[in-house]
Amino acid sequence: MEDEDLNQQEHDGTPSQMSPLEAEDRGYTLFRILDREFTIKVSKHRWAVVLVFSCYSMCNAFQWIQYAAINNIFMYFYGVSSFAIDWLSMCYMLAYIPLLLPVAWLLEKFGLRTIALAGSALNCLGAWVKLGSLQPHLFPVTVLGQVVCSVAQVFILGMPSRIASVWFGDDEVSTACSIAVLGNQLGIALGFLVPAVSVPNIDNPDELAYYISIMFYVTAGVATLLFILVIVVFKEKPKHPPSRAQCLSYALASTDASYLSSIIQLFKNLNFVLLVITYGLNAGAFYALCTLLNRMVIFHYVEEGVIVGRIGLTIVLAGMLGAVISGIWLDRTKTYKQTSLVLYIMTLVGMAGYTGTLNLGHLWIVYITAGIIGFSITGYLTLGFEFAVELTYLESEVVSSSGLLNVSAQVFGIIFTISQGQIIDNYGTMPGNIFLCVFLTLGAVLTAFIKADLRRQRILRMYL
């Protein structure tokens, strides 16, 4: 019986007998909910966990955009159409849709560590498979490697809000979520920059294969190192719950609710449904913009392929700043709806400015408008995860705040990428970008109708 209690203490935070003063001196907080008592303590290991996650998420995101960043070069090397190269990015979006629920079930069944191992292992495997595609006739092999990486992404995108809630304190969850998302954004930044500067636009296929091989070997080496770090560093959860919200999740979560009934409840929540739609419109526009950036810039600046990498880097670096500021702001103010509406309007303004200035030949204006888009759109991506947790508190984060939001993003991403690509090919870049502006306007309007039903904050206040 003693062993059973000790195990319960390790996994759900039930404390041994100590006075409140003694607990406070040792850095613990005692929290009683219903008929259960919890020991709250934030683990120092939390930073190692979120850092390792951010790094392998970065590596996976790099592999997502590395082909699109130099779309024209890979078209020439493999002798395929631009649409075929676009699908190397869109396969990430497509894979997520049918695999979300199985992976979410695996997360609930086996926990964070197992999912982290699976995601980092698949990311590593996909990187090594691509090394078998260094000849122009081996395009199917690079497709296979990219598909493996796209499956790895399903094990990665659902993790930020879950890691934040399991490992971080009440006043840190939004910041932690933004740090977890930062890795993905840094990977996209590197995915724009590294291919553009390391793979020159030359006509010799053998030389091209050499430069591409260097990029692929370095990627595979980094992916392997990160897989080893996940094995060594990543733990399932801390010994004690880090926050009152996590204690409440342990105490109030229904143990007999079915997985399907949880999903049905989510779709009965009108505010959450509106957030799913608006998040999908915003993130889908971001995916389309990143995937088609090379085609848009080359259309106007034919001899300046490296500009694609710089503009992409500007978008993502500004986005990383936006994600950090958004996370800190939310931890302090909890103004989820107001902040999301402001960021949505900023995204629309930035996209309108980018649309109107891309063809003017003034690159400094393009960099500014691209920076505005990146700052606001990535800040919104972080906010969306935490806003969904607030609207659906006590439901599984991997289904609500991460899963269904990301499914919406992938669906709209595929639709926007294909549609905008066709518009660009037939009518030019401005009509294609106006197409995105129309849907961003719709998203901003729908965001105004979301009621800020902050369930997590309300329940926390009930048990203070």
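Backbone N, Cα and C atoms are what each Cβ position is placed from, and that goes for glycine too.
Taken from TrEMBL as is:
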type: REGION; residues: 1-21; note: region 'Disordered'
type: TRANSMEM; residues: 47-67; note: transmembrane segment
type: DOMAIN; residues: 49-455; note: domain 'Major facilitator superfamily (MFS) profile'
type: TRANSMEM; residues: 87-107; note: transmembrane segment
type: TRANSMEM; residues: 179-202; note: transmembrane segment
type: TRANSMEM; residues: 208-234; note: transmembrane segment
type: TRANSMEM; residues: 272-294; note: transmembrane segment
type: TRANSMEM; residues: 306-329; note: transmembrane segment
type: TRANSMEM; residues: 341-358; note: transmembrane segment
type: TRANSMEM; residues: 364-383; note: transmembrane segment
type: TRANSMEM; residues: 404-424; note: transmembrane segment
type: TRANSMEM; residues: 430-452; note: transmembrane segment
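Panel annotation: around the transmembrane segment (341-358), residues 278, 282, 285, 296-297, 300, 322, 326, 365-366, 368-373, 375-377, 379-380, 383, 429-430, 433-434, 436-437, 440-441, 443-444, 447-448 of the same chain, lying at least six beyond its termini, place a Cβ under 8 Å from a Cβ of the stretch. Averaged over the domain 'Major facilitator superfamily (MFS) profile' (49-455), the predicted model reaches a pLDDT of 84. Counting Cβ pairs closer than 8 Å and at least 6 residues apart in sequence, the transmembrane segment (404-424) and the transmembrane segment (208-234) reach fewer than three and form no contact. Between the transmembrane segment (430-452) and the transmembrane segment (272-294) there are at least 3 Cβ pairs closer than 8 Å, counting only pairs 6 or more residues apart in sequence, which means the two stretches are in contact. Sequence-distant contacts of the transmembrane segment (208-234) (same chain, six or more residues past either end, CB-CB distance under 8 Å): 48-49, 52-53, 55-56, 59, 62-63, 66, 73, 76-77, 112-113, 116-117, 120-121, 123-124, 126-128, 130-131, 134-135, 194-195, 198-200, 202. Touching of the transmembrane segment (364-383) and the transmembrane segment (272-294) is concluded from the presence of at least three CB pairs under 8 A, sequence neighbours closer than 6 excluded. Across the candidate stretches 47-67, 272-294, 306-329, the maximum count of CB pairs under 8 A to the transmembrane segment (179-202) is reached by 47-67. A Cβ distance under 8 Å defines the sequence-distant neighbours of the transmembrane segment (272-294), meaning residues of its chain 6+ beyond its ends; these are 65, 68-72, 86, 89-90, 93, 188, 192, 266, 305, 308, 311-312, 315, 340, 344, 347, 351, 373, 377-378, 380-381, 384, 387-388, 391-392, 400, 404-417, 420-421, 424, 432, 436, 439-440, 442-444, 446-447, 449-450.
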